[in-house]
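*Asks:* The structure's right below; bear with me while I get my questions together.
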Amino acid sequence: MAMNYASPSILAPFSGLTLVWIVLLSQPLIGERPTRTQIVAACLIVLGQVLIAVFGDHTNDEGVTLREVKESYLYPPFLTYLVGLGLWMLLLVYWIRFGVNPTLKRFSWGVAGGSITGLQNFLKDGLTILKAVDAEEDASLPWYFPLMLVLAAVSAFGGLLFLTACMKRYDATYSSAMFVGSFVVSASIMSAAHYATFSHMSTLWNWVFYPFGLMVLMAGVWILVHERQQRGVEVEQPESQRGVSRSVELQEPLVSESRNVSSSNLSTGT
């Protein structure tokens, strides 16, 4: 319900708190003490979020009409964003399925979920439609309202499916950090294209410190990702190799057990 009171350009970066909580709770929950690098990264994420919250776009959807919501989907910047996002997702899927470079494939798995989840406009505009219907006399829900809800659900659950698939293949900290980073970037670009974020910034301080806050936050995310890579990059295993390795693990105890039985029989016979 936070979408009722703030722009996605401010709310989306707060997903970085997920990474901060992972760092802070790693020791009490799983006994893994956070490194100094992880603590620095968490501090940068918090600092970036504070700057975004203070200097970001604080306009909301009060007074927006149904006509304005519908026409906003015909804005050239937003249409350009949709086309660019579609091409970007096609490229990521291609790298995932046919890429031979493990680093590129790992990157594609990491950012695919966050990129598609950045389509926060469907949820935001769905809530705006409800407000507009209540404010306008004799107004009813338009035909595209259910479509907004469906697209909001598809973008959210599609992103979670990509994130889950990434976590099955790679380190959970890497997967979550890449998801959050790509989500913040995608949602910020969407807000600038769809809600004209920068046109609502009234002072030079807003123009300077809002982008700077985004860069600080992304620096913290990058440090977490880079720190995990330095500690050891996990290589994705194909499904066939996973099954083979699992069967080998199951067979090894049986082989050793049969050897023990044979040894005991020999010793008894002698």
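Note that Cβ sites are derived from N, Cα and C of the backbone, with glycine treated the same way.
Annotations per TrEMBL:
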- 254-270: compositional bias 'Low complexity' (COMPBIAS)
- 235-270: region 'Disordered' (REGION)
- 6-25: transmembrane segment (TRANSMEM)
- 37-55: transmembrane segment (TRANSMEM)
- 75-95: transmembrane segment (TRANSMEM)
- 107-123: transmembrane segment (TRANSMEM)
- 143-165: transmembrane segment (TRANSMEM)
- 177-198: transmembrane segment (TRANSMEM)
- 204-225: transmembrane segment (TRANSMEM)
*Asks:* Do any residues of this chain, six or more beyond the ends of the transmembrane segment (107-123), have a C-beta under 8 angstroms from a C-beta of it, and if so which?
*Replies:* 3, 8, 11-12, 78, 85, 88-89, 92-93, 95-96, 99, 148-149, 151-152, 155-156, 158-163, 165-166, 169-170, 174-175, 177-191, 194-195, 225, 236
*Asks:* Using a Cβ cut-off of under 8 Å, list the residues of the same chain at least 6 residues beyond the transmembrane segment (6-25) that approach it.
*Replies:* 34, 38-39, 41-42, 45-46, 48-49, 52-53, 56-60, 118, 120-121, 124, 173, 176-177, 180, 183-184, 187-188, 190-192, 195, 197, 213-214, 217, 220-221, 224
*Asks:* Most CB pairs under 8 Å with the transmembrane segment (37-55): which of 75-95, 177-198, 204-225?
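*Replies:* Per the Cβ under 8 Å count, 204-225.
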